[in-house]
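To start, the structure itself, in structure tokens.
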Amino acid sequence: MLRILTLSILATSKLASAHVVAWHPGMYCLGGNDTSVDDPNTNLAVNPLWDLPKSKWWFQADRGCDKAPPVDGVFLELPAGQNFTTELAHNRAQTTLSFNGQYAGEWPDGKDHPEDWSGTGTPPGCIQDDGAIHTNNQTMAGGTVFAISYQSDMSQVTMENLVVFSVLEHTPWKRIATYEVPADLPPCPDAGCICAWGWVPQGCGEPNMYMAGYKCKVTGSSSTKQLAQAQVPKYCANDTSECVGGAKQILVMNQADGNNVVAPDNDFVAYNEKWGFQNGAQNDIFM
């Protein structure tokens with residue numbers, strides 16, 4: 001009976017909101033926005049951000065996620081010069097963080113799909129059986145990023161001190177997502193840093209955006225380098241000399257205020273080379 005009930009809840013929650021976030025024990029809203037309750041079936045953190053004032057979209061304040069930190073002492077650990085893994089899924093229940101991982105599969109929805117999964121037609125249209133990943137195929141997935149601020153208090157994090165340090169091209173795609181960490185990323189303060197995950201879908205569905213928060217800390221680092229101030233990315237597909245190098249901000253679009261980019265004619269906003277983001281660790285973000 002319990003398994004039937006659980007499956008029913010999973011099906012209902014997926015239909016209600018089937019989007020994606022990077023799940024990890026160090027995230028805000030891991031168990032929902034009530035820290036007295038650990039909801040193994042929550043999808044609150046996956047919901048997109050659209051037409052909101054900055055006071056609401058910033059770290060998902062619209063749903064109270066900015067007030068729901070992870071358990072004390074739990075961090076997203078960032079091993080300098082190495083990599084870390086998160087789980088991209090529509091619901092916490094579809095990860096290894098709930099129900100002993102029994103509903104976690106190779107893909108974000110926990111279902112089976114072909115390795116060359118794509119929409120129909122030539123060129124392929126949007127994938128219709130799971131629009132939650134907002135893409136036509138893997139190569140057209142918009143890319144996701146992690147950014148870091150060397151502030152321990154979220155109220156002190158700004159667009160200028162939140163720097164993208166890792167890019168994973170052609171994601172979201174499969175559930176397991178591994179991001180590279182710059183070797184020179186310095187240690188965090190004793191209370192840790194604040195990190196953010198970002199994604200702007202490249203077409204296929206509403207042109208919204210995603211941002212989630214994490215308590216994080218850099219491990220295995222003795223670097224004394226400092227991060228440069230994050231600059232606004234610039235579309236540079238037609239002229240690479242126009243690309244913004246070095247430390248960059250997350251992409252913000254289609255909000256009521258606080259936007260830093262707009263979609264170019266006949267193209268998309270995305271974390272890719274067209275916007276100056278190279279895949280992997282961002283090793284040029286230091287002063």
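Including glycine, each Cβ sits where the backbone N, Cα and C put it.
Lifted from Swiss-Prot, the feature list:
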DISULFID  Cys188-Cys193  disulfide bond
DISULFID  Cys195-Cys216  disulfide bond
DISULFID  Cys236-Cys243  disulfide bond
CARBOHYD  Asn33  N-linked glycosylation site
CARBOHYD  Asn83  N-linked glycosylation site
CARBOHYD  Asn137  N-linked glycosylation site
CARBOHYD  Asn238  N-linked glycosylation site
SIGNAL    1-18  signal peptide
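Positions of Swiss-Prot features highlighted on the structure.
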{"residue": "Asn33", "record": "N-linked glycosylation site", "contacts (Cβ under 8 Å, 6+ apart)": "Leu44, Arg63, Gly64, Cys65, Lys67, Ala68"}
{"residue": "Asn83", "record": "N-linked glycosylation site", "contacts (Cβ under 8 Å, 6+ apart)": "Thr178, Tyr179, Glu180, Val181"}
{"residue": "Asn137", "record": "N-linked glycosylation site", "contacts (Cβ under 8 Å, 6+ apart)": "Asp116, Trp117, Ser118, Gly119, Pro124, Ile127"}
{"residue": "Cys188", "record": "disulfide bond", "contacts (Cβ under 8 Å, 6+ apart)": "Tyr150, Ser152, Cys216, Lys217, Val218"}
{"residue": "Cys193", "record": "disulfide bond", "contacts (Cβ under 8 Å, 6+ apart)": "Ile148, Ser149, Tyr150, Gln151, Ser152, Lys215, Cys216, Lys217, Val218"}
{"residue": "Cys195", "record": "disulfide bond", "contacts (Cβ under 8 Å, 6+ apart)": "Leu76, Leu78, Phe146, Ala147, Ile148, Ser149, Gly213, Tyr214, Lys215, Cys216"}
{"residue": "Cys236", "record": "disulfide bond", "contacts (Cβ under 8 Å, 6+ apart)": "Glu242, Cys243, Val244, Lys274, Trp275, Gly276"}
{"residue": "Asn238", "record": "N-linked glycosylation site", "contacts (Cβ under 8 Å, 6+ apart)": "none"}
Please identify, from the disulfide-bonded residues Cys216, Cys243, the residue with the sparsest Cβ neighbourhood, meaning fewest other Cβ atoms within 10 angstroms.
Cys243
